[in-house]
Amino acid sequence: TSSGVFLLQMGWGDLGAFGEPSKETPNLDQMAAEGMLFLDFYTANPLCSPSRAALLTGRLPVRNGFYTTNGHARNAYTPQDIVGGIPDSELLLPELLKKAGYINKIIGKWHLGHRPQFHPLKHGFDEWFGSPNCHFGPYDSRERPNIPVYRDWEMVGRYYEDFKIDLKTGEANLTQLYLQEALDFISKQQASQQPFFLYWAIDATHAPVYASKQFLGTSQRGLYGDAVREIDDSVGKILNHLQQLGISENTFVFFTSDNGAALISAPKQGGSNGPFLCGKQTTFEGGMREPAIAWWPGHIPAGGVSHQLGSVMDLFSTSLSLAGLQPPSDRQIDGIDLLPVILQGKLIDRPIFYYRGNELMAVRAGLYKAHYWTWSNSWEEHSKGIDFCPGQSVSGVTTHTQEEHTYLPLLFHLGRDPGEKFPLSFASEEYQQAVERISGLVQQHRATLVPGQPQLNVCDQAVMNWSPPGCEKLGKCLKAPESDPKKCSWPH
């Protein structure tokens, strides 16, 4: 069985199947109607790079090194000047799938470190078309270089220079390039009868949002909606391609997101997190509960809806299971195999851990969620207009100082109160029973936790994308400044 994982930045409320009122995602809605919708599916972190590291290792970011210890409970990611990346000691899904003869391709954003030792082809992928970082820019090539786009081992150009993104109109044809790459890769593997793993990690809905010409101005939701419509159209074409090649019944496909919609770029470039509180950057539901759809015609009963507590880390264990492989036994794996859930409708009891940097912020068990810490962002940032919960402040919940609730966690019942607005009374029996259960899970988790070496502590301008491999052939090498490593500052 081949498998495909589609990962992008979108909110839980961005799809028609999840109740988005403009109903502009017919292909994803059909994918849900033909497959299984997960309503309680989570990412491993409210930011992109730690979530991607978690998906590919099956391990929480605090274990795989994708976190910082610079300041308590800080979110950190992999900008151009980060020194760290995915450690060699981590085993990535494509490395393991190789043992079963899989050919592995990543299309789009890698975001697990951009220095040569972190290159995806050194960590199990056979092919890559995409970029190590997000499409921020354009940069001046003196203070910082434009982000390279790679084909396999070498760069083939840079964003804004060779791969145009018009920031005024939002026009870019990148999603079309990424779509064509996917279709060609699938055709090639089908022709050679090779099982494959395709990781389609596009970033059109990440601000600055972009879409290609034929989609611009077509959505009721503005440019963000245009990008969503193009992604939806692309997913439809990929699934259709699998069907036309006659391999859809041998291909497991999963669609999800690396974090909730970024409300800081709302309303013009922000998505929807449905009924949930806040968005990207936070450990409230809006930051970490994701849209998720599993599709495998002939195997997954159509129209299924699951309330299994799921995680992007489960895609690691589930993909290994599909390939007939066991997860590595020499390390803690946080993902579970979802096949019994998907194929037999089972429910597996397991908690969800909500981390922010080096701190366990909250835990969900069943329908209860206990917050041990609350924090959206600092008063200082908030007063400058940086707001991760616009129009959604909940007194004592969306706090602007880091509030500790270790001894009396804030408890919510997510069935009755998905928006986390009404904490349960500390005196109630319901509170005491739920907290007792969750406290046991936390103690168990902490007892076995061996944090990885933090990769996101040190920044250095000299390690930016000045002279990536292949730059000489293109005349695109830039002179790097002197090395000057510093502690990265992570304000939130």
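Glycine too: its Cβ is placed from the backbone N, Cα and C atoms.
Remember, it's a predicted structure, so these values are computed and weren't measured experimentally.
Non-local contacts of CYS48 (active site, nucleophile) by the CB criterion (under 8 A, 6+ apart in sequence, same chain) comprise GLN9, TYR77, LYS109, HIS111, CYS134, HIS206, ASP258, ASN259. Summarising the annotation, TrEMBL assigns active site, nucleophile to CYS48.
Marked as active site by TrEMBL: HIS111.
Of all Cβ atoms in the shown protein chains, 30 besides its own fall within 10 Å of the Cβ of ASN259 (Ca(2+) binding site). Here TrEMBL flags CYS48, ASP258, ASN259 as Ca(2+) binding site.
Residues annotated as domain 'Sulfatase N-terminal' in TrEMBL: 10-324.
For ASN173, the entry in TrEMBL reads N-linked glycosylation site. Residue environment of ASN173 (N-linked glycosylation site) contains 18 other Cβ atoms, counted within 10 Å of its Cβ in all protein chains.
Positions annotated as 3-oxoalanine (Cys) by TrEMBL: CYS48.
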All-chain count of other Cβ atoms within 10 Å of ASP258 (Ca(2+) binding site):
28
Determine which residues of the same chain, besides CYS48, ASP258, ASN259, have their CB within 8 A of the center of the CB atoms at the recorded Ca(2+) site, and list them by sequence.
LEU7, GLN9, THR43, ASN45, PRO46, LEU47, SER49, PRO50, SER51, ARG52, SER257, LYS280
Would you count the other C-beta atoms found within 10 angstroms of the C-beta of HIS111 (active site) for me?
28
